[in-house]
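Report on the following structure.
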Amino acid sequence: MSRLIGWSDPDIEYNSMIFRSFEEVSKLNDEVTRLHNMLEGLKTGHSGVGTENVIEQSNEKMKVDVSEDPINIERRGKVKDAMIHAWSSYEKYAWGHDELQPQTKNGVDSFGGLGATLVDALDTLYIMGLDEQFQKAREWVAESLDFNKNYEASVFETTIRVVGGLLSAYDLSGDKLFLEKAKDIADRLLPAWDTPSGIPFNIINLANGNPHNPGWTGGDSILADSGTEQLEFIALSQRTGDPKYQQKVENVITELNKTFPDDGLLPIYINPHKGSRSYSTITFGAMGDSFYEYLLKVWIQGNKTSPVKHYREMWETSMIGLESLVRKTTPSSFTYLCEKIGTSLIDKMDELACFAPGMIALGSSGYAPDEAKKFLSLAEELAWTCYNFYQSTPTKLAGENYFFNSGQDMNVGTSWNILRPETVESLFYLWRLTGNKTYQEWGWNIFQAFEKNSRTDSGYVGLKDVNTGVKDNMMQSFFLAETLKYLYLLFSPSSVISLDEWVFNTEAHPIRIVTRHDHTGGKLGVSNGDHLETRSRARREGRFHGN
């Protein structure tokens, strides 16, 4: 197993953490003091939401919960060890490339050579307290991250991974380098929104700014690709004081809201010239999913104030539509979400749609008590189904999608697994919101299946077939950005990246909640990125677990 120099045997560390907790607390408090001193040095020459809050947090008395469950401590340590293994493999074999191919031990540039894994993993490194790795990655961003590429980039993927990753690193560390880099890449993406309707093209050349749509969509834009940039671009406007980013992405929602259907369900293809909907699939899976997620999360990001009320209203309308897609299997009554074309329902559900239980649970508290209880119950039922996507295969890893036939419960369709995070994401939310440790147990079982089937000496790989366990040759960047982060937080105290203070983008990058005071169509309520009103000061005990 590849390790970083200076790391000792984790088993010794785990036992130490379990049986010598008070000694560990002393070590952790020493780390708090060290980081406090380091952060004091940031006061000169740094400003903005990230730095101000980090410095304020360092002045708070950090409290370590000495009664924390030792099982959680041990499991968190195991997940951190997995991150160290994944990162050190990337560092050794693919440094600066987008993704690692572990079997052949080389890097590939799946996203135009933007260091996707490195940028995607910045906040995970920071949250886990992997300071040396974070600083080395920061140096690469400063010296080598260049967006002037003659590359046809996905606006969606570049936004959620690169813009989101850089903004999160800024919000966590206060280092303005990350904000400047986020602005650079966002400026290169902006021409994609220059369409008659404001619905963006989904592909753009990073060097010359020429946007277009993929040929296989018939010229249409994709719903998820067009409606999943709001969190990042609104945050960028808030932190820079420049309203242009927010205006572009909010125009999309304004346009879609003009003819928003009564059930809140939109097909996956939208005409960027007319803003009209094309006859196509309705789904909470691939190409639809995160549009609905961001309706809820922009409302949360703005601290649920009047300027973002229409996002919540649109989301609640979409939940009416979601309920119309709910069906149950026979004989075991697994609850699942259908897809729809026209008036016809298709008994198929993507693993990608397993983000929905977490989304529904997160949004349930905005309802009146009876409705809240109903939606939380639905979230729990769907999570049970998603967990069984994993448990129903020989490898205990889920396939890409499932079909439901009468009397047969569920059958895997596309049988690969590419280390996706959606199910553990929902388990994280449900554990945070209910306190039910069952969700931690399910997450631990999924983690063990990844360890058994996907871990190699040179990183983690997906499976070509979850029935046979044959491995592929790709460590997806989102495995470090999302899957391992959500698993780590599943075994961390709820105060670590508190849901009262942070909202996760669809790539699991936490972005700080900032109260919105602006008015729809009005002037952005910030100036030069200063004096942003955050919901509360974040408590960052998660940086000091030491495991």
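Cβ from N, Cα, C; glycine included.
No curator has checked TrEMBL annotations; they are predicted automatically.
Per TrEMBL, these features apply:
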ACT_SITE  Asp289  active site
ACT_SITE  Glu422  active site
BINDING   Thr506  Ca(2+) binding site
COMPBIAS  530-547  compositional bias 'Basic and acidic residues'
DISULFID  Cys354-Cys386  disulfide bond
REGION    522-547  region 'Disordered'
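Using a 10 Å Cα-Cα cut-off from Cys386 (disulfide bond), the recorded positions that qualify among Asp289, Glu422, Thr506 are Glu422. Taking the Cβ of Cys386 (disulfide bond) as centre and 10 Å as the limit, one finds 29 other Cβ atoms among all the protein chains shown.
Comparing Glu422 (active site) with Cys354 (disulfide bond), their Cα atoms are 5 Å apart once rounded. The number of other Cβ atoms within 10 Å of the Cβ belonging to the residue listed as 'Ca(2+) binding site', over all protein chains shown, comes to 26. Cα of Asp289 (active site) to Cα of Cys354 (disulfide bond): a span of 9 Å. Spatially close to Cys354 (disulfide bond) yet at least six residues away along the chain are Leu382, Ala383, Cys386, Phe389, Ala398, Glu422, Thr423, Glu425, Ser426, judged by Cβ distances under 8 angstroms.
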